[in-house]
Amino acid sequence: TQPGMCFGVFNTSDSQGSAHTSIASPWFSTAFGLIGLCSNLFALCVLLSSSRKLSSQARSSFLIFLCGLVATDFVGLLVTASVIIPYHFIKFAWAKVDPGCHLCNFLGFSMVFFGQCPLLLGATMAGERFFGINRPFSRSTSISKRRAWFIVGLVWGFSCLLGLLPVLGLGRYTLQYPGSWCFLTLLPNTGDVIFCLLFALLGIFSVLLSFIFNTVSVVTLCRVYHDRESVQRRRDSEVEMMVQLVGIMIIATICWMPLLIFIVQTVLQQLPASGQLQVLPMETQKMLLIYIRMVTWNQILDPWVYILFRRAVLQRIYPSLRPRHSILSLYP
């Protein structure tokens, strides 16, 4: 990366007066970071404890996907907070500390990698449950633990390749308002537009795919739930997994879709000004920061979906919940 290539996308002088407002408050970032880290750490402990007691292979593979999701959120918050929070308190001059843009590229890569991973993992989990519920005998066995971890590794690898594209020359990571973080560049340059659309459309596709898979799975479960003939095996775990999966999907949709749609709209609206617009308008910079703050809630709320929507918790809230029967009993 050429020196200074990651700077200049937002007007530093215009942001000096407003950088200390609540939207860029150091306490805001610190509180979000600490709550998210504690939530994900707690969920990881509960996940590891639950996985040791399981005999169901379908449930154990689902827990592995969940573990990959929570671990991704935890490390993502840890990495990004370790750069962003010190900036808010120290107010270091980024151009002096990182003239070669190496730290900016690393932070931008982290934002893309740890942002895209949960969306892809959510779609992967929805697909696994879709085939597990609707085609339970299309595979000889449920996904083994080794294969589940391999799939999680593939998602991590794919997201890593996506995040490395600007480093390899497609698009740029640039410093964003209020100067504390780096992200993809919403300017009408060809490389930036392609990378922005690739990131945003892939995220939108993942959310839509999750919605389709989960909707079909829920409809199937509802049909089975009222089928009088299915009275032989337990199906508690199928319902529990789908409740958690739908919760993850709803949170991802609410937190991510505004940002993804905003990215697509912004780069497409700026295309007529290709080559002319070199600095993002202040309003665009502020909106981008607001949408990123919304995305942060995804990493905070994801672990609580698992923590709160487990059978042990639900049965305490609703004692009338009784064991049900397995969807497998539908099939001869």
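From the backbone N, Cα and C atoms, a Cβ is placed for every residue, glycine too.
Annotated features, as they stand in TrEMBL:
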TRANSMEM  27-50  transmembrane segment
DOMAIN    39-306  domain 'G-protein coupled receptors family 1 profile'
TRANSMEM  62-87  transmembrane segment
TRANSMEM  107-127  transmembrane segment
TRANSMEM  148-171  transmembrane segment
TRANSMEM  191-224  transmembrane segment
TRANSMEM  245-268  transmembrane segment
TRANSMEM  288-309  transmembrane segment
Which of 148-171, 191-224, 288-309 contacts the transmembrane segment (27-50) most, counting Cβ pairs under 8 Å:
288-309
Which of 107-127, 148-171, 191-224 shares the most C-beta pairs under 8 angstroms with the transmembrane segment (288-309)?
107-127
Check the domain 'G-protein coupled receptors family 1 profile' (39-306) for me and report the mean pLDDT.
86
